[in-house]
């Protein structure tokens, strides 16, 4: 039986095919992305540079001599490669288990194409089993938590974690996310919320799943 890490590697290696040469690209954060950076580094493909969404990804890119640039230095990105904690048939996602979802949304929105890579366990019919991360300013944490509770969720402060921007993460369990786009917007309207981990407005254009049968390329609502 193929291990989860092996499935992640299968998806990551396939994703290298979606990277155009001599372009700037965006790189996400997480264990699957670590496999992708390794595969890209070993592929011999030449890119102008990569915008990283986290320090860890940036350090790994540098290890493979892939130039790391700031989003402010480029006019746009050809493709954004990132993983997901959950992804549905419309390629809407929950992301942010690593706490970098604000940066990830910024870079995704600057990219012409979003390629999501994941092992097959992340492909779900409905979002919400994975806790939804919500980034909030510290002074509004209690207010934000009460609002999320009123929406039907069970908020839990991520203890001992501070985001890149110095904010806190509230992980919300048990939300009914039947309409991801609406839920994403409603949560972001709460005063004190910087961003939440629903990627419906910035859904993926392509999903590459690592499966027991190999890499499977999926487009929105293909099923």
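Yeah, the Cβs are placed from backbone N, Cα and C, and that goes for glycine too.
The 10 Å shell around the Cβ of residue 104 (active site, proton acceptor) contains 30 further Cβ atoms across the protein chains shown. Annotation comment: Swiss-Prot describes 104 as active site, proton acceptor, evidence class sequence analysis.
The C-beta environment of residue 31 (substrate binding site), restricted to residues of the same chain at least 6 apart in sequence and closer than 8 Å, consists of 5, 8, 83. Residues or ranges marked as substrate binding site in Swiss-Prot (evidence: sequence analysis): 29, 30, 31, 32, 82, 83, 84, 85, 95, 96, 97, 98, 122.
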Just to confirm: which same-chain residues, 6+ apart in sequence, have a Cβ under 8 Å from the Cβ of residue 95 (substrate binding site)?
82, 83, 84, 85, 101, 104, 133, 197, 199
Please work out the number of neighbouring Cβ atoms within 10 Å of the Cβ of residue 29 (substrate binding site), leaving out its own Cβ.
26
